[in-house]
Amino acid sequence: MTAASRANPYSIVSSEEDGLHLVTMSGANGFGNGKVHTRRRCRNRFVKKNGQCNIEFANMDEKSQRYLADMFTTCVDIRWRYMLLIFSLAFLASWLLFGIIFWVIAVAHGDLEPAEGRGRTPCVLQVHGFMAAFLFSIETQTTIGYGLRCVTEECPVAVFMVVAQSIVGCIIDSFMIGAIMAKMARPKKRAQTLLFSHNAVVALRDGKLCLMWRVGNLRKSHIVEAHVRAQLIKPRVTEEGEYIPLDQIDIDVGFDKGLDRIFLVSPITILHEIDEASPLFGISRQDLETDDFEIVVILEGMVEATAMTTQARSSYLANEILWGHRFEPVLFEEKNQYKIDYSHFHKTYEVPSTPRCSAKDLVENKFLLPSANSFCYENELAFLSRDEEDEVATDRDGRSPQPEHDFDRLQASSAALERPYRRESEI
(Lines of atoms letter the chains of each structure in order from A and count residues from 1; the text may use other names and numbers.)
(Lines give C-alpha, C1' and ligand atoms only; values in the text may rest on other atoms or scores of the structure.)
Protein backbone atom coordinates (compact mmCIF):
# COMPACT_ATOMS: atom_id res chain seq x y z
CA MET A 1 0.00 0.00 0.00
CA THR A 2 1.45 3.34 -1.06
CA ALA A 3 1.66 6.42 1.08
CA ALA A 4 -0.93 8.16 -1.08
CA SER A 5 -3.44 5.38 -0.54
CA ARG A 6 -2.88 5.48 3.22
CA ALA A 7 -3.59 9.22 3.35
CA ASN A 8 -6.52 10.22 5.49
CA PRO A 9 -9.40 11.23 3.18
CA TYR A 10 -10.69 13.63 5.82
CA SER A 11 -7.40 15.41 6.40
CA ILE A 12 -7.18 19.14 5.73
CA VAL A 13 -3.84 18.71 3.96
CA SER A 14 -2.90 16.58 1.01
CA SER A 15 -0.21 13.92 1.01
CA GLU A 16 2.16 16.39 -0.63
CA GLU A 17 1.54 18.93 2.15
CA ASP A 18 1.84 16.33 4.89
CA GLY A 19 5.56 16.99 5.09
CA LEU A 20 4.93 20.61 6.02
CA HIS A 21 3.72 19.74 9.54
CA LEU A 22 5.53 21.43 12.39
CA VAL A 23 8.16 19.35 14.17
CA THR A 24 9.58 19.95 17.60
CA MET A 25 13.18 20.80 18.34
CA SER A 26 15.01 22.97 20.81
CA GLY A 27 15.83 26.53 19.85
CA ALA A 28 19.38 27.63 19.26
CA ASN A 29 19.24 30.19 22.04
CA GLY A 30 17.47 27.89 24.46
CA PHE A 31 14.38 30.10 24.49
CA GLY A 32 12.61 28.81 21.41
CA ASN A 33 9.27 27.06 21.46
CA GLY A 34 10.55 23.97 19.66
CA LYS A 35 8.93 24.61 16.27
CA VAL A 36 10.24 24.76 12.76
CA HIS A 37 8.13 27.35 10.99
CA THR A 38 6.77 26.65 7.55
CA ARG A 39 4.44 28.55 5.25
CA ARG A 40 0.92 29.14 6.46
CA ARG A 41 -1.96 27.46 4.67
CA CYS A 42 -4.59 29.99 3.64
CA ARG A 43 -7.91 29.38 5.33
CA ASN A 44 -11.38 30.75 4.88
CA ARG A 45 -12.94 32.95 7.49
CA PHE A 46 -15.59 31.41 9.70
CA VAL A 47 -16.95 34.87 10.56
CA LYS A 48 -16.48 37.70 8.09
CA LYS A 49 -15.36 41.17 9.13
CA ASN A 50 -18.93 42.46 8.79
CA GLY A 51 -20.20 39.80 11.20
CA GLN A 52 -21.79 37.42 8.70
CA CYS A 53 -21.05 33.74 9.18
CA ASN A 54 -19.31 32.23 6.17
CA ILE A 55 -21.40 29.05 6.00
CA GLU A 56 -23.77 27.44 3.50
CA PHE A 57 -26.35 24.78 4.30
CA ALA A 58 -26.55 21.80 1.98
CA ASN A 59 -28.50 18.54 1.74
CA MET A 60 -31.17 19.59 4.23
CA ASP A 61 -34.09 17.17 4.41
CA GLU A 62 -37.56 18.74 4.18
CA LYS A 63 -36.11 22.24 4.13
CA SER A 64 -39.17 23.82 2.48
CA GLN A 65 -41.62 22.17 4.87
CA ARG A 66 -39.61 23.26 7.89
CA TYR A 67 -39.36 26.84 6.68
CA LEU A 68 -43.07 27.01 5.86
CA ALA A 69 -43.93 25.65 9.30
CA ASP A 70 -42.31 28.78 10.75
CA MET A 71 -43.73 31.24 8.25
CA PHE A 72 -43.38 34.33 10.43
CA THR A 73 -39.64 33.87 10.99
CA THR A 74 -39.21 33.05 7.32
CA CYS A 75 -40.91 36.30 6.30
CA VAL A 76 -38.79 38.29 8.74
CA ASP A 77 -35.51 36.73 7.58
CA ILE A 78 -36.05 36.93 3.81
CA ARG A 79 -35.28 40.00 1.72
CA TRP A 80 -37.70 42.88 1.47
CA ARG A 81 -38.51 42.22 -2.17
CA TYR A 82 -39.55 38.66 -1.48
CA MET A 83 -41.59 39.58 1.58
CA LEU A 84 -43.51 42.28 -0.31
CA LEU A 85 -44.05 39.84 -3.17
CA ILE A 86 -45.47 37.23 -0.79
CA PHE A 87 -47.93 39.66 0.79
CA SER A 88 -48.96 41.06 -2.60
CA LEU A 89 -49.68 37.56 -3.84
CA ALA A 90 -51.58 36.80 -0.62
CA PHE A 91 -53.85 39.81 -1.14
CA LEU A 92 -54.43 38.97 -4.80
CA ALA A 93 -55.17 35.35 -3.98
CA SER A 94 -57.73 36.29 -1.31
CA TRP A 95 -59.43 38.81 -3.61
CA LEU A 96 -59.61 36.30 -6.44
CA LEU A 97 -60.84 33.50 -4.18
CA PHE A 98 -63.72 35.47 -2.69
CA GLY A 99 -64.44 37.10 -6.04
CA ILE A 100 -64.93 33.64 -7.54
CA ILE A 101 -67.13 32.64 -4.57
CA PHE A 102 -69.37 35.72 -4.96
CA TRP A 103 -69.57 35.10 -8.71
CA VAL A 104 -70.60 31.46 -8.13
CA ILE A 105 -73.25 32.58 -5.63
CA ALA A 106 -74.61 35.07 -8.17
CA VAL A 107 -74.71 32.42 -10.90
CA ALA A 108 -76.43 29.89 -8.62
CA HIS A 109 -79.00 32.45 -7.51
CA GLY A 110 -79.67 33.61 -11.06
CA ASP A 111 -78.46 37.16 -10.53
CA LEU A 112 -76.67 37.20 -13.89
CA GLU A 113 -79.91 36.75 -15.84
CA PRO A 114 -81.55 39.79 -17.52
CA ALA A 115 -83.48 42.01 -15.13
CA GLU A 116 -86.77 41.41 -17.01
CA GLY A 117 -86.70 37.66 -16.33
CA ARG A 118 -85.55 38.00 -12.73
CA GLY A 119 -88.35 38.23 -10.21
CA ARG A 120 -86.37 38.28 -6.94
CA THR A 121 -83.78 40.40 -5.18
CA PRO A 122 -80.16 39.51 -6.07
CA CYS A 123 -77.71 38.32 -3.40
CA VAL A 124 -75.30 41.16 -4.21
CA LEU A 125 -76.57 44.29 -5.87
CA GLN A 126 -74.91 45.56 -9.05
CA VAL A 127 -73.02 42.30 -9.68
CA HIS A 128 -73.60 41.30 -13.30
CA GLY A 129 -70.40 39.38 -14.04
CA PHE A 130 -67.09 38.10 -12.73
CA MET A 131 -65.38 41.51 -12.92
CA ALA A 132 -68.11 43.06 -10.78
CA ALA A 133 -67.79 40.20 -8.28
CA PHE A 134 -64.03 40.71 -8.15
CA LEU A 135 -64.45 44.44 -7.50
CA PHE A 136 -67.00 43.68 -4.75
CA SER A 137 -64.42 41.33 -3.15
CA ILE A 138 -61.79 44.09 -3.15
CA GLU A 139 -64.25 46.62 -1.70
CA THR A 140 -65.27 44.21 1.05
CA GLN A 141 -61.74 43.27 2.17
CA THR A 142 -60.29 46.77 1.95
CA THR A 143 -63.46 48.45 3.29
CA ILE A 144 -63.42 50.95 0.42
CA GLY A 145 -67.23 51.09 0.23
CA TYR A 146 -68.05 52.90 -3.03
CA GLY A 147 -71.77 52.32 -2.35
CA LEU A 148 -72.73 50.77 -5.70
CA ARG A 149 -72.46 47.14 -4.62
CA CYS A 150 -73.69 45.63 -1.38
CA VAL A 151 -74.88 42.29 -0.07
CA THR A 152 -78.59 41.77 0.65
CA GLU A 153 -80.57 39.58 3.05
CA GLU A 154 -81.65 37.34 0.19
CA CYS A 155 -78.71 34.92 0.50
CA PRO A 156 -77.37 33.98 3.96
CA VAL A 157 -74.40 32.33 2.23
CA ALA A 158 -73.35 35.68 0.76
CA VAL A 159 -73.63 37.33 4.18
CA PHE A 160 -71.48 34.57 5.70
CA MET A 161 -68.83 35.00 2.99
CA VAL A 162 -68.68 38.75 3.64
CA VAL A 163 -67.98 38.03 7.31
CA ALA A 164 -65.39 35.37 6.41
CA GLN A 165 -63.58 37.68 3.99
CA SER A 166 -63.45 40.46 6.58
CA ILE A 167 -61.82 38.09 9.07
CA VAL A 168 -59.33 36.81 6.49
CA GLY A 169 -58.46 40.38 5.51
CA CYS A 170 -57.78 41.32 9.14
CA ILE A 171 -55.55 38.27 9.57
CA ILE A 172 -53.49 39.11 6.47
CA ASP A 173 -53.19 42.76 7.50
CA SER A 174 -52.09 41.87 11.03
CA PHE A 175 -49.56 39.34 9.78
CA MET A 176 -48.13 41.79 7.27
CA ILE A 177 -47.90 44.70 9.72
CA GLY A 178 -46.32 42.49 12.38
CA ALA A 179 -43.74 41.07 9.98
CA ILE A 180 -42.83 44.49 8.60
CA MET A 181 -42.49 46.01 12.07
CA ALA A 182 -40.43 43.06 13.29
CA LYS A 183 -38.20 43.32 10.24
CA MET A 184 -37.71 47.07 10.66
CA ALA A 185 -37.06 46.81 14.40
CA ARG A 186 -34.63 43.91 14.18
CA PRO A 187 -31.79 44.57 16.61
CA LYS A 188 -29.19 43.25 14.20
CA LYS A 189 -29.46 46.51 12.26
CA ARG A 190 -28.16 48.23 15.38
CA ALA A 191 -24.97 46.26 14.91
CA GLN A 192 -24.22 48.36 11.82
CA THR A 193 -23.30 51.25 14.12
CA LEU A 194 -21.10 49.14 16.41
CA LEU A 195 -17.49 49.25 15.27
CA PHE A 196 -14.56 46.87 15.67
CA SER A 197 -10.97 47.80 14.93
CA HIS A 198 -9.51 46.40 11.72
CA ASN A 199 -6.65 44.76 13.59
CA ALA A 200 -5.99 43.31 16.99
CA VAL A 201 -2.69 44.00 18.74
CA VAL A 202 -0.40 42.23 21.20
CA ALA A 203 1.56 44.40 23.61
CA LEU A 204 2.53 44.70 27.24
CA ARG A 205 -0.06 45.94 29.69
CA ASP A 206 0.96 46.16 33.34
CA GLY A 207 3.97 43.94 32.69
CA LYS A 208 2.02 41.15 30.96
CA LEU A 209 1.51 40.33 27.31
CA CYS A 210 -2.09 41.05 26.33
CA LEU A 211 -4.22 40.64 23.24
CA MET A 212 -6.23 43.80 22.62
CA TRP A 213 -8.83 45.02 20.17
CA ARG A 214 -11.01 48.10 20.13
CA VAL A 215 -14.80 48.49 20.01
CA GLY A 216 -16.83 51.64 19.53
CA ASN A 217 -20.41 52.89 19.36
CA LEU A 218 -21.22 55.33 16.56
CA ARG A 219 -24.55 56.39 18.09
CA LYS A 220 -25.21 58.50 21.15
CA SER A 221 -27.86 56.04 22.29
CA HIS A 222 -26.38 53.50 24.66
CA ILE A 223 -26.06 49.73 24.51
CA VAL A 224 -27.47 48.57 27.83
CA GLU A 225 -25.73 45.70 29.65
CA ALA A 226 -23.01 45.55 27.00
CA HIS A 227 -20.58 42.67 27.38
CA VAL A 228 -17.96 41.04 25.17
CA ARG A 229 -16.92 37.48 24.42
CA ALA A 230 -14.17 35.96 22.30
CA GLN A 231 -13.35 32.52 20.94
CA LEU A 232 -10.32 31.09 19.20
CA ILE A 233 -11.21 28.82 16.28
CA LYS A 234 -8.68 26.47 14.72
CA PRO A 235 -8.55 22.85 13.51
CA ARG A 236 -7.52 20.22 16.02
CA VAL A 237 -6.86 16.50 16.10
CA THR A 238 -7.80 14.75 19.34
CA GLU A 239 -5.74 12.10 21.08
CA GLU A 240 -7.99 9.47 19.51
CA GLY A 241 -7.27 10.80 16.02
CA GLU A 242 -10.61 12.55 15.54
CA TYR A 243 -10.33 15.64 13.36
CA ILE A 244 -12.26 18.71 14.52
CA PRO A 245 -12.20 21.29 11.70
CA LEU A 246 -13.42 24.22 13.81
CA ASP A 247 -12.52 23.70 17.43
CA GLN A 248 -13.83 26.57 19.55
CA ILE A 249 -11.85 27.65 22.61
CA ASP A 250 -13.07 30.40 24.92
CA ILE A 251 -10.79 33.39 25.42
CA ASP A 252 -11.08 35.02 28.82
CA VAL A 253 -11.76 38.75 28.65
CA GLY A 254 -12.26 39.23 32.38
CA PHE A 255 -15.47 37.34 33.06
CA ASP A 256 -14.51 36.42 36.63
CA LYS A 257 -13.57 40.01 37.46
CA GLY A 258 -16.51 41.57 35.62
CA LEU A 259 -14.24 43.25 33.08
CA ASP A 260 -16.24 41.76 30.21
CA ARG A 261 -19.11 44.15 31.02
CA ILE A 262 -18.38 47.56 29.56
CA PHE A 263 -19.88 51.05 29.53
CA LEU A 264 -19.72 51.71 25.80
CA VAL A 265 -19.93 55.49 25.61
CA SER A 266 -16.50 56.05 24.09
CA PRO A 267 -14.30 53.52 22.26
CA ILE A 268 -12.92 50.92 24.64
CA THR A 269 -9.96 48.58 24.25
CA ILE A 270 -10.90 45.02 25.16
CA LEU A 271 -8.13 43.16 26.96
CA HIS A 272 -7.24 39.47 27.08
CA GLU A 273 -4.37 38.68 29.40
CA ILE A 274 -2.17 35.96 27.88
CA ASP A 275 -1.55 33.73 30.89
CA GLU A 276 -1.27 29.99 31.53
CA ALA A 277 -4.98 29.46 30.80
CA SER A 278 -4.84 31.34 27.50
CA PRO A 279 -4.71 29.43 24.20
CA LEU A 280 -2.15 32.03 23.06
CA PHE A 281 0.22 31.31 25.94
CA GLY A 282 2.81 29.51 23.81
CA ILE A 283 2.57 31.71 20.70
CA SER A 284 5.41 34.11 19.93
CA ARG A 285 5.73 36.76 17.27
CA GLN A 286 7.33 34.27 14.90
CA ASP A 287 4.55 31.76 15.53
CA LEU A 288 1.97 34.43 14.76
CA GLU A 289 3.40 34.81 11.26
CA THR A 290 2.93 31.12 10.47
CA ASP A 291 0.05 29.93 12.66
CA ASP A 292 -3.45 29.26 11.34
CA PHE A 293 -6.30 30.33 13.60
CA GLU A 294 -9.14 32.81 13.83
CA ILE A 295 -10.31 34.84 16.81
CA VAL A 296 -14.04 35.62 16.78
CA VAL A 297 -15.04 38.60 18.91
CA ILE A 298 -18.65 39.22 19.95
CA LEU A 299 -20.29 42.28 21.47
CA GLU A 300 -23.77 41.81 22.95
CA GLY A 301 -26.19 44.16 24.65
CA MET A 302 -29.70 45.56 24.64
CA VAL A 303 -30.80 48.37 22.34
CA GLU A 304 -31.80 51.31 24.50
CA ALA A 305 -34.84 52.21 22.38
CA THR A 306 -36.40 48.73 22.10
CA ALA A 307 -34.77 46.70 24.92
CA MET A 308 -34.08 43.98 22.36
CA THR A 309 -30.79 42.11 22.45
CA THR A 310 -28.36 42.85 19.65
CA GLN A 311 -25.11 41.16 18.75
CA ALA A 312 -22.20 42.49 16.72
CA ARG A 313 -19.46 40.15 15.50
CA SER A 314 -16.10 40.35 13.83
CA SER A 315 -13.00 38.22 13.55
CA TYR A 316 -9.23 38.46 13.32
CA LEU A 317 -7.02 36.04 11.46
CA ALA A 318 -3.48 35.44 12.66
CA ASN A 319 -2.07 37.81 10.05
CA GLU A 320 -4.42 40.56 11.28
CA ILE A 321 -2.93 40.55 14.77
CA LEU A 322 -0.11 43.10 15.06
CA TRP A 323 2.57 42.06 17.52
CA GLY A 324 4.20 44.92 19.39
CA HIS A 325 1.62 47.57 18.56
CA ARG A 326 -0.78 49.73 20.54
CA PHE A 327 -3.84 51.68 19.50
CA GLU A 328 -3.58 55.41 19.04
CA PRO A 329 -5.62 57.55 21.46
CA VAL A 330 -9.06 58.62 20.26
CA LEU A 331 -10.36 60.40 23.37
CA PHE A 332 -9.26 63.97 23.98
CA GLU A 333 -10.38 66.56 26.50
CA GLU A 334 -11.56 69.73 24.79
CA LYS A 335 -12.86 72.67 26.80
CA ASN A 336 -15.70 71.37 28.99
CA GLN A 337 -16.27 68.05 27.23
CA TYR A 338 -14.51 65.05 25.74
CA LYS A 339 -13.95 64.70 22.02
CA ILE A 340 -13.74 61.34 20.24
CA ASP A 341 -11.73 61.38 17.02
CA TYR A 342 -12.71 58.30 15.02
CA SER A 343 -10.04 59.01 12.42
CA HIS A 344 -7.60 57.34 14.85
CA PHE A 345 -9.89 54.43 15.72
CA HIS A 346 -8.14 51.84 13.54
CA LYS A 347 -4.64 53.32 13.72
CA THR A 348 -1.83 51.74 15.72
CA TYR A 349 1.76 52.60 16.50
CA GLU A 350 4.68 50.27 17.06
CA VAL A 351 6.15 49.62 20.50
CA PRO A 352 9.74 48.38 19.98
CA SER A 353 10.10 47.37 23.63
CA THR A 354 7.54 44.57 23.27
CA PRO A 355 9.19 41.15 23.77
CA ARG A 356 9.20 38.94 20.69
CA CYS A 357 8.96 35.75 22.72
CA SER A 358 5.77 34.06 23.84
CA ALA A 359 4.14 34.72 27.18
CA LYS A 360 5.25 31.26 28.26
CA ASP A 361 8.90 32.07 27.59
CA LEU A 362 8.43 35.44 29.22
CA VAL A 363 7.25 33.79 32.43
CA GLU A 364 9.68 30.89 32.48
CA ASN A 365 12.82 32.81 31.53
CA LYS A 366 11.85 36.08 33.23
CA PHE A 367 12.94 38.44 30.50
CA LEU A 368 13.72 41.96 31.64
CA LEU A 369 10.81 44.24 30.90
CA PRO A 370 11.06 47.97 30.25
CA SER A 371 10.50 50.27 33.18
CA ALA A 372 6.96 51.28 33.94
CA ASN A 373 8.12 54.90 33.80
CA SER A 374 9.30 54.61 30.19
CA PHE A 375 8.22 57.43 27.97
CA CYS A 376 5.01 56.53 26.16
CA TYR A 377 3.24 57.88 23.11
CA GLU A 378 0.07 58.61 25.09
CA ASN A 379 2.12 60.47 27.71
CA GLU A 380 3.66 62.64 25.02
CA LEU A 381 0.24 63.54 23.67
CA ALA A 382 -0.91 64.43 27.16
CA PHE A 383 2.09 66.72 27.71
CA LEU A 384 1.67 68.39 24.34
CA SER A 385 -2.04 68.90 24.96
CA ARG A 386 -1.30 70.47 28.35
CA ASP A 387 1.33 72.77 26.83
CA GLU A 388 -1.14 73.97 24.21
CA GLU A 389 -3.75 74.70 26.88
CA ASP A 390 -1.18 76.66 28.92
CA GLU A 391 -0.21 78.74 25.90
CA VAL A 392 -3.84 79.54 25.12
CA ALA A 393 -4.49 80.50 28.74
CA THR A 394 -1.49 82.82 28.93
CA ASP A 395 -2.32 84.49 25.62
CA ARG A 396 -5.88 85.06 26.81
CA ASP A 397 -4.66 86.70 30.04
CA GLY A 398 -2.20 88.89 28.15
CA ARG A 399 0.77 87.61 30.06
CA SER A 400 3.97 86.41 28.50
CA PRO A 401 4.31 82.65 28.73
CA GLN A 402 6.71 81.20 31.25
CA PRO A 403 9.85 79.52 30.01
CA GLU A 404 9.35 76.05 28.81
CA HIS A 405 9.66 74.74 32.32
CA ASP A 406 7.49 71.67 31.87
CA PHE A 407 9.10 70.73 28.59
CA ASP A 408 12.60 71.11 30.05
CA ARG A 409 11.61 68.95 32.98
CA LEU A 410 10.20 66.40 30.55
CA GLN A 411 13.43 66.38 28.55
CA ALA A 412 15.49 66.00 31.70
CA SER A 413 13.44 63.07 32.94
CA SER A 414 13.40 61.35 29.58
CA ALA A 415 17.14 61.84 29.05
CA ALA A 416 17.83 60.11 32.35
CA LEU A 417 16.31 56.92 30.94
CA GLU A 418 18.80 55.21 28.66
CA ARG A 419 16.86 53.38 25.98
CA PRO A 420 18.30 51.12 23.25
CA TYR A 421 15.33 51.88 20.99
CA ARG A 422 13.74 54.93 19.48
CA ARG A 423 11.01 56.88 21.16
CA GLU A 424 7.54 55.70 20.18
CA SER A 425 6.58 59.12 18.84
CA GLU A 426 9.42 58.92 16.32
CA ILE A 427 8.11 55.74 14.71
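Our numbering is plain: 1 for the first residue shown, then up by one each step along the chain.
Yeah, the Cβs are placed from backbone N, Cα and C, and that goes for glycine too.
According to Swiss-Prot, C155 forms a disulfide bond with C123, chosen from C123, C170, C210. Checked against Swiss-Prot, the range among 130-146, 368-384 recorded as intramembrane segment is 130-146. Helix, strand and coil counts from DSSP across the motif 'Selectivity filter' (143-148) read 0 helix, 0 strand, 6 coil. Using a 10 Å radius centred on the Cβ of T143 (K(+) 2 binding site) and all shown protein chains, the other Cβ atoms total 8. Long-range Cβ contacts of I144 (K(+) 2 binding site) within its own chain (separation 6+, distance under 8 Å): I138.
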